[in-house]
Amino acid sequence: MISPQILSCEAPAMLPSQPLLHTAVFALTVLQALASNTFIAAVYEHAVILPKAAIKPVSPDDALALMNSNMDILEGAIKEAAQQGAHIIVTPEDGIYGWRFTRETIYPYLEDIPDPVVNWIPCTDPTRFAPAPVQERLSCMARNNSIYVVANIGDKKPCNSSDPSCPKDGRYQYNTDVVFDPEGKLVARYHKYNLFIPETQFNYPKEPEAITFETPFGKFGIFTCFDILFHEPAVVLVNKLQVDTVLFPTAWMNVLPFLTAVEFHSAWAMGMGVNFLAANTHHTSISMTGSGIYAPDGARAYYYNMKNEDGRLLVAELDSHPRLSAAFPPAVSWSSYALNVERFSLNDNDFGGLIFHDWFTFTELTMPEGNRTVCQKDLCCHLSYKMSEKREDEVYVLGAFDGLHVVEGQYYLQICTLLKCKSIDPNTCGQPVEKAQTKFEMFSLSGTFGTNYVFPEVLYSGVQLAPGEFQVLSDGRLISKTRPTKPVVTVTLFGRWYEKDHLKQDPQLPAFS
């Protein structure tokens, strides 16, 4: 038996110190990433443990106990991702404390998050700033597993009467994303700019933030949930700052037919030409599910589950610099084809219908194959199609919308869509539909878009994506690449007219920024 004295004497000569060990592991991680043009990404969809509804704030200890319960689950996912070789993992918006809060009751869950320029590793220096047990634990998760960790927490910043914008309670509260590198260092902090209507517990920053950071496997940007629908920061990060990968913590409530999480996020990655790592919360009672790892050429992995409350870890390989990849899609002139084709049909029986509060113009596909056109304002949508068979119990329409969406925010849209109606009653066209039975032999959809930002969506029955089964041609046509393998719910070109955002200001409407 070896004595303790011998062990204590020999250990320094045999084993590196803990800091040296972490440095060596981090260096190995960097070398591995540099040696390849790809990296391994992970996202975790988390069934969040929610706080009990409260009128008064809970104690800091009770708040931390709830957050630790969620972080216990997240830590397990982070360890599993690291074991599978992941270099980075994204966790959801509200993933550590949930969302049942007022401005007052969320306060015990907030921490003061410093600017990353302070060069801080909370795991090894937890007392440098005010107590920050959540940041310390997240930092240690990253450090102990040699992986970038992306999480969403709450930031608090004191203010006083010298600041005319200072809230009455003397503090700003921000919905905040943080990123820790494989050494546990805080390398990014992002305050959500476009708050969703119920987020009254938070303030929005005075100016939008465009947050990026460099890694051995590309340039990364980050924003949160509702931000995706607005020019700042989403378009700025991709077009101006040229990030390779977007990190996207979200608490996304699915809205059929166009805005289910997996459908829209996959389409956004394709339309913008970036990698997109989307981690959603999982709460089926409010239609929250749908996470994915998306590349410009389609989904690499995704998860959508409305049947139970199971979370899910996704891991997939991505190109570090997708714009340099041979698989990177060609540039698209979205209106090129549609502007140079004569109108397919003059429809005497066009009719209107609502989709998510927007008034569409529809025309029914009455034949098993054909060419159809429908127009609204400046947008004309052209469709060529062939069904395997025309069913009497299912109705499909071609629809167009060109206008300002104003319900939970204000933003201009141009949408061309082939979609299944909920029933054979035309009044149900545009209502949410998950299932279909009609298969198509082919489809080709295009539109006279005024925007350069168009996101191609193909959604099959059961809210399933169609990676590899469709493509966008350089002239703006969304076409079936092969015969579609499953019944179609919708084929959509979702145009977001970011260029017109500066026109939408209206002081009479509530501020959603």
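All positions are counted from 1 along the displayed chain.
Just so you know, glycine gets a Cβ as well, placed from its N, Cα and C.
The domain 'CN hydrolase' feature in TrEMBL is assigned to 51-320. What TrEMBL lists as active site, proton acceptor is Glu93. Here TrEMBL flags Lys192 as active site, proton donor. Per TrEMBL, active site, nucleophile is recorded for Cys225.
Overlay of TrEMBL annotations on the structure.
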residue	record	Cβ neighbours (10 Å)
Glu93	active site, proton acceptor	26
Lys192	active site, proton donor	27
Cys225	active site, nucleophile	26
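Here the residue listed as 'active site, proton acceptor' is positioned 10 angstrom away from Lys192 (active site, proton donor), judged by their C-alpha atoms.
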